[in-house]
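Among the features that TrEMBL reports, transmembrane segment is placed at 42-63, 75-99, 139-159. Residues or ranges marked as region 'Disordered' in TrEMBL: 203-379. Positions annotated as compositional bias 'Pro residues' by TrEMBL: 348-359. According to TrEMBL, the domain 'FtsK' annotation covers 549-768. What TrEMBL records for G566, T567, T568, G569, S570, G571, K572, S573 is ATP binding site.
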Amino acid sequence: MLALVLTACFWSYDPLAPSPDVSTDRAPTNLLGRPGAFLADILIQAVGLSTALLIVALAAWGWRIFRHRGLSVFVIRAVALCFLLPVGAALLAALPILITAFHAPAWPSDAGIGGGIGASIAREAVAAGMSAIGPAGGVIIWFLGLILAVLLGALAFGLDKNEWNSIARMTGATMLLIGRQPGRLAKVIIARQRRTLPGQEDAYARNDYGNGYETAGSETGFVEQDNGSKRSWIPRRAKASTASAGQYLAAKAAQETRFAPPPPRSETARQPAATRSTAPTGTDLALLAPSPESPPANRPTGRRPANTVNEDEPVYALPGPVNDAPPPTERLSAYRDEQTEASDLQAPVPPQPAPPPQAVRPEPVTQSAGYGAPAEGEGKKSLLSKLFGGRSENDAGSASGRREAAKASQGWILPPVSLLKLPPASRAAMAPSREMLEGNARLLETVLADFGVQGRIVDLHPGPVVTLYELEPAPGIRAARVIGLADDVARSLSVLSVRIATVPGRNVIGIEVPNATRETVYLSELFKCPEWVNTTARLELALGKDIAGEPVFGDLAKMPHLLVAGTTGSGKSVGINAMILSLLFRHSPDECRLIMIDPKVLELSIYDGIPHLLTPVVTEPNKAVTALKWVVREMDRRYRAMAHLQVRNIAGYNERAAQVRERGEEVTRRVQTGYDPETGNPIFEEQSLTLDPLPFIVVVIDEMADLMMTAGKEIDAAVQRLAQKARAAGIHVIMATQRPSVDVITGTIKANFPTRISFQVISKFDSRTILGEQGAEQLLGQGDMLFMQGGGRITRVHGPFVADSEVEAVVEFLREQGEPIYDEDVISEREDDSAAGAFDAGSGGGDGEAGGLYDKAVAIVIREGKASTSFVQRHLSIGYNRAAKLIEQMEKNGIVTAADHVGRRKVLIGRGAED
């Protein structure tokens, strides 16, 4: 019973179900409920696949108890089983370490198929064997462990010699049966081919057509069966048919029921002629031959005709009717083994009602025509399916099934996680051991003592790329002194770089030392995390893993904008791709639209043509300015729409608009159209509004430095307005740069971008520009970053690696679902850009007197008696270039003088000539 319970727990194990290390609101899917989920998770995490040994041992004990043989020395057998489990787990965990080409099947635990206990024992044992014997020491240790496991298994299972012999015979018979299947299958195929050839009736008759069916002796009352080497007798039925074979066939022919010939028997399996005195004649065989228009029947069955009953008549077993006839109620088992198996292979499948169509997430290459939500509880991945590489619908890589079903019901399919690369199963076994980390901690204390810093390492946190050592300094040691020793400590430890910083809220200093073997973070494993699957964030971004190996995500809707900096080769472009894929894997084009600005042409052009784009990827700086102006106009339009519905953000607007559409109401606004010629009162009209849902708009700027060099003031003003107001309108900006200098990241931009990410930079001055403190220059590159959230909290994160092939696969999947719907107004020039008046002055063209701007400038200059470019720019809130053009126009018209040697101008027209 315990073996069955463990088997049920093991079979229905789900890594996302509630367990000691998974906190979720999901209902347990284990067959035994929450206790079963907890028990299965503990066993999988501890000893992995070695749990099967426990099940086998319990089954063996139950078998002996069932056969009343008892369990001798039960305590010894239980102790042996306790030692067998970790030994078996270690043998499994050592396979990826010893065999580099070994790829373990998909396993739900990060500890590997041997569990945490097996991985620890395997690492230590293999390392000890290699250090003591040499490169072959690990293999020798493994074989010794295998011998120990066999001895422990024989002792733990408690089976005697006869039972072991029975198991050996059963195993041999099973292997022999499996080996004979190809030959038997070939016989069945040959039999089918013979049956389809015309003119084979005589051959069937010569091959003893009627042999192999159930025949009864009229004198003995038994049915004779030939089983190869020996014969057996089966009692005849109590109510046998009184009709002869000819009468039976005649009755069936009268009912127009056709029969198919059975498969021919082999020569060695033929019965003697004496035992077949009651076989059908040639006339009967003619009735048994299949007609050309009748479908062949595949299984011969014995049936009784509806005639009178007499026990003295022999019983003939004849081929059964085709599928439209009812199945037989009784059947004699007098077939040879070969004929039975051949009949089973040819047995027709009775028609069954077709199941209702269900939505299945398509593979990357194919795409179905219709989509729907999967049934509740469908697609649960069993443990055995994971062992053999199978994938279920709700795999935490396929994550978020309810959200995907909702998208599918609207005709949009989210990209599957299978488009991304999966992490190798053997990387967990290569992690540094605890003893190695503690040895590094002692070495770090010695190095710091050499530089006059006394203290002790109180804790350590290993991660995928670096390990954090928490140093508790002695009293009187200043933190700045320890931080200044980063380069010296890196040199003493023979590592690339060391980052030292204080730990907020604790009396320790964090020292981050790179690991000897760097672990690659894959985007697919982040998409399978419960935090990603169960999140309620609107614009969730997968950023990577922290120094402890925990996944890090960020909600762009709460940031609300993101500033990214990093030098060439730091992983900045890969990080941008991971952020874009995070949006594409969660949102349809109706929920999120993208505007990509790529002055470098090569970074974001791969996304051209996906349905999420509002406009083709912008590569020209002048069109980038135009696109940002359009975003500002769209922001103002959304603000007016939200004000009309009296909501505060885009979420409230979409919710209110959905309610209005459901109720069928009509929303109108009152607009003045003119004046009454008689009374002079204004005339108003009611105009109906269309409340379409507003998607999120994410503006991705890959290189800010190139734009600032060509149109700095315009870009700065546009980004400033978006950063200040666009959050409530559902518009967010992700801005990246390779050169985080003060002329690119101005004070205005830094003030409105509280959330920033810094990859590796060249100097500590660039680190201070982007983060406000040093430390980014000590990063390792290749995705290593510092993530500063709102409030100044800085977290070290290792970004996921996204290959170009993965991006291309996702983009191709999205392109297959439809063409993008571009908005031509995004990059089209406008002469009058009133909505973007705050930065419209830098367009560099147009008439200076357009819109009365020149008249206003002249009036201000005459009234104040001052004339300068900065004076006009400040009073009219326009750009510097336009203010300079206005002053030049005034100089041409004789209103002001030319600038003197210090740049001053005099106003030639007095205040009385203002009008």
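Backbone N, Cα and C define each Cβ position, glycine as well.
Proximity of G566 (ATP binding site) to non-local residues of its own chain (separation of 6 or more, Cβ distance below 8 Å) is seen for K572, G575, A736, Q738, S758, F759, Q760, V761, M785, given in sequence order.
Only residues 6 or more beyond the boundaries of the transmembrane segment (139-159), in the same chain, are considered here, and those with a CB under 8 A from a CB of the stretch are 53, 56-57, 60-61, 64, 71-72, 76-78, 80-81, 83-84, 87-88, 90-91, 94, 98, 125-126, 128-129, 133, 167. The ATP site is defined by G566, T567, T568, G569, S570, G571, K572, S573, and by the 8 Å test on Cβ atoms against their centroid, the other residues of the chain that qualify are Q738, F759, Q760, G781. Annotation: S570 carries the greatest number of neighbouring Cβ atoms among the binding-site residues T567, T568, S570, S573 [cut-off 10 Å, Cβ to Cβ]. Note: G571 (ATP binding site) has non-local neighbours F759, Q760, G781, Q782, G783, D784, M785, G799, i.e. same-chain residues 6+ apart with C-beta under 8 A of its own C-beta. In the shown protein chains, 26 other C-beta atoms lie within 10 A of the C-beta of K572 (ATP binding site). Within its own chain, G569 (ATP binding site) has Q760, G781, Q782 as residues 6 or more apart in sequence whose C-beta sits under 8 angstroms from its own. This prediction places the mean pLDDT of the domain 'FtsK' (549-768) at 88.
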